[in-house]
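Take a look at the structure below.
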C-alpha cells in the first residue's frame with residue numbers, strides 16, 4: 001500500500017537506514033535517505049526480496065521507475081515523505097512522548113559517551129536502563145536511540161552532539177530530557193559556528209525544559225552557564241560543582257596519587273562532605289566525567305552507600321572497537337567495552353567483511369540490556385542465528401541458564417573457566433568477535449588470542465580515515481572516480497585492513513606497487529579493481545590469474561603483454577604510464593606516436609586508464625612546472641584517445657593536486673598520504689583528522705643526578721637532578737635515530753617529554769623531571785595526539801612517508817572504530 005504522508009505509527013520494531021545492517025527483515029522498517037555519495041532508494045528492491053515490508057521513501061525519488069516497481073511489491077507499505085530523516089525524527093519524538101520516566105540528556109564537547117556509559121554502570125543494578133548505543137548522538141543517532149525506549153525501562157540516558165546551528169533544538173524535541181549533564185566544553189566540533197559563545201548557546205538548547213542540570217563551573221569570577229541558562233530555562237535547578245570552594249557550588253576536592261584518587265564532594269553551605277569515594281582514575285579529564293556521574297547518580301536516587309559501592313566498577317573505557325591480529329591466522333575484533341543488544345547488532349556485520357574465515361562469537365551475560373532475561377536471551381539467539389555464526393561461546397550464569405534458547409553454544413560460568421578449558425587455543429583461521437560486559441574482564445581473552453607481545457602499537461583510527469575519505473569524495477564530486485594507494489603496506493597502516501575499509505566505502509580503484517601486494521589483497525577477499533604500478537614481465541600469469549591490472553610504462557612491457565594475450569587468447573586491461581616530467585617511469589612525449597601505433601594493433605588489450613606523476617604539486621614555487629606537466633598530459637592523452645576510439649580514465653592529480661589543481665582531476669584522482677590526515681594545505685588540514693598514532697609505554701623510571709651520563713656514547717645528560725623514563729620503542733621499531741638528543745618528543749599524560757641521549761635499537765629515554773605523577777606502565781605517544789607527524793618528520797630531517805613506512809612489522813597494528 002502506498003501512503004503519501006508520514007506514518008503516525010509503524011508495525012516494525014526495528015528502524016534502519018543502513019541496508020548492510022539488516023538482521024530481522026520482517027521486523028524492520030527501512031528509511032531510504034539520499035546523501036552526497038549514496039542513495040538508499042537503490043536498495044529498496046533487494047530489501048523487499050529480503051523480507052522488509054515497511055519503507056519510508058522521499059517524494060523526489062518516488063516518481064518514475066521506483067513508483068512503477070512498487071506497484072508489484074504488493075505486500076509492502078510505502079510511506080512517501082518530503083524528507084526521510086525528518087520523518088524518522090518525528091516518529092521518535094512521538095514515541096518519546098508516550099513515556100513519563102526520567103530521561104537524562106548529556107551533551108558537551110568531550111566526555112559524552114564516557115559519562116553515559118559510567119552513569120549506566122552506576123544505575124543499572126537499581127534501575128532498568130536504556131541508553132544510546134555506542135556514540136549515537138547525531139541527527140540520525142538520537143532518534144534511533146530514543147526508539148529503543150520500552151515499557152520495562154525506568155531511566156533513559158541519551159547523549160547529543162551537534163555540528164551546526166539549529167540542530168540541538170531538533171534533538172531536544174526528540175530526547176525531551178528531564179535532567180541534564182553538561183560535560184567538558186572546548187574547541188571540538190567548532191568549525192560551523194561563528195564563535196565559542198554561539199556554540200555554547202546552541203549546545204545548552206538541549207536543556208531548554210530540564211528540571212535539573214549538572215555541570216562544572218571552571219570560571220571563578222563568572223558562572224557562564226548559569227548566565228546563559230537564565231534566558232534558556234530560568235526554572236531549571238542548576239547543580240554546579242567546582243574544584244574551587246565557591247558560593248552556591250558543590251565543592252569537589254580530589255587528591256591524586258600515582259595509583260588512585262580520593263574524591264570528597266561537599267554540598268553548598270555544608271561543612272562536611274556528603275560523598276567520599278576512591279577511584280583508580282587519575283587523569284583529570286576522567287575525574288571531571290566521574291564527578292558529573294556521581295552527582296547525577298545522587299540526583300537519580302542512588303544513596304551515598306550505593307554510589308560508594310558502585311564507584312569501584314568505574315574504569316577507563318576504550319569506547320572504540322579494536323581489530324587486532326591473532327595467533328593461528330585469527331583476526332580479533334575486540335568490542336567489549338559494553339554489552340547490550342544494540343551494541344551486538346552494530347558489531348555483528350563486521351564479521352561479514354572476513355568472507356574466507358570461520359566466524360566465532362564470544363559473549364558474556366548481557367547485564368546492561370534493560371530487558372527481562374526470559375525475553376532477552378531468545379532475542380539474542382535469533383539475532384545471532386541470522387548472522388551465520390560458526391562457533392558461539394558464552395560466559396556467565398544467565399547464558400548457562402538460557403542456553404537452550406541457542407541452537408548451539410558452549411557455556412562457562414566465568415572467563416577463567418573459559419580460558420582453563422583450552423578451547424580458545426583450538427580456534428584457527430577465524431575472525432573472533434568479543435562482546436563482554438566489563439565485569440567479565442574479556443581483556444584476558446584478548447591477550448591470550450593476540451599475536452604479538454610487543455606492547456608498542458600503531459593505532460589506526462578507521463573513523464578518522466572514513467572522515468578523510470568522505471572529505472575527498474565531497475571535494476571531487478560524484479562525477480570523478482577515486483583511486484587510493486595501498487602500496488607499501490598501505491603506508492605502514494596495514495594493506496588488507498585499509499583495503500577492506502576502502503572497498504566497503506565504495507572506492508573505484510586500489511593501487512599497489514608490486515604484484516605480490518595485489519595477490520595478498522585478493523587472497524584476503526578484496527575484489528575491487530587493483531592497479532599494479534611496477535609489474536614484471538614474468539608475472540603476467542599471476543596478474544591474469546588474480547585479475548590485477550598492470551601499469552605499462554615501456555614498449556618492452558607492452559610487447560610482452562601483446563604476445564601473452566595472443567598466446568593465451570585473453571583480453572587484458574592495462575594502464576598506460578606517461579612521463580610528463582618525473583623522469584622515472586613512463587612513455588615520453590617523443591614515444592607517443594610509436595605508442596599509439598602499437599596500441600592500435602592490439603585489439604585484445606583494453607586501456608583502462610592513462611596516468612602520469614606530478615613532481616611537486618604541493619609546492620607553490622613549482623606551480624608553473626606542475627601546470628606544464630598537466631598541459632603535456634592533456635596533449636599526450638588526446639593523441640592516444642584519437643587512436644583508441646574510446647576515452648579511458650585519466651588521472652594525474654595526487655593528494656596535493658586534488659586541492660591545489662582542480663582542473664587536473666580529470667576522470668579520476670589518486671589519493672595517498674592525505675587519506676591519513678597529512679596535508680600541506682592549511683584549509684585542507686582543518687577538515688582532515690589524524691589517522692595514525694604510534695604508542696609505546698614506560699618500561700622503567702630512574703632518578704638521575706646532574707653529572708651522570710645517559711645511554712650509548714655517554715651523550716645524554718640532564719641540566720639538573722631529575723628523572724628519566726625508558727620507553728619500549730627504538731630504531732628497530734621505526735623510530736628514527738635522528739630524533740635522539742632532544743630532537744624528538746613523546747606525549748606522556750598530556751605533557752611533552754624530550755628524548756635524552758641516543759635512540760637505541762629497542763628503546764629510548766625521555767626526560768620526565770617535570771612529571772611528578774608518572775609511573776611505570778604509563779602510555780607514551782610518539783606521534784598522533786599533540787605531536788604531528790609532519791612536525792616530527794621536520795625534526796628528523798625527512799618526510800612523513802618515510803616515518804610511516806619505516807614502522808616495523810613487529811609493531812602491532814590496532815584498528816579502532818567508535
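Just so it is clear, glycine is given a Cβ too, placed from its N, Cα and C backbone atoms.
Because TrEMBL annotations are produced automatically, they should be read as predictions rather than curated entries.
Positions annotated as active site, proton acceptor by TrEMBL: 487 (among others). In sequence order, 495, 511, 512, 513, 514, 517, 533 are the residues of the chain that are 6 or more apart from residue 487 (active site, proton acceptor) and have a CB within less than 8 Å of its CB. DSSP gives residue 487 (active site, proton acceptor) a helix state.
Annotated active site, proton acceptor per TrEMBL: 712 (among others), in sequence order. Its Cβ taken as reference, residue 712 (active site, proton acceptor) is surrounded by 13 other Cβ atoms within 10 Å in the chains shown.
Residue 761 (substrate binding site) counts 11 other C-beta atoms within 10 Å of its own C-beta, drawing on all protein chains shown. Annotation source TrEMBL lists substrate binding site at 584, 761.
The domain 'Alanine racemase C-terminal' feature in TrEMBL is assigned to 691-816.
Per TrEMBL, N6-(pyridoxal phosphate)lysine is recorded for 487.
Per-residue pLDDT, averaged over the domain 'Alanine racemase C-terminal' (691-816), rounds to 94. DSSP assigns residue 712 (active site, proton acceptor) to a helical segment in the three-state reduction. Sequence-distant neighbours of residue 584 (substrate binding site) (same chain, 6+ apart, CB under 8 A from its CB) are 613. On a Cα basis, residue 761 (substrate binding site) lies 11 Å away from residue 712 (active site, proton acceptor).
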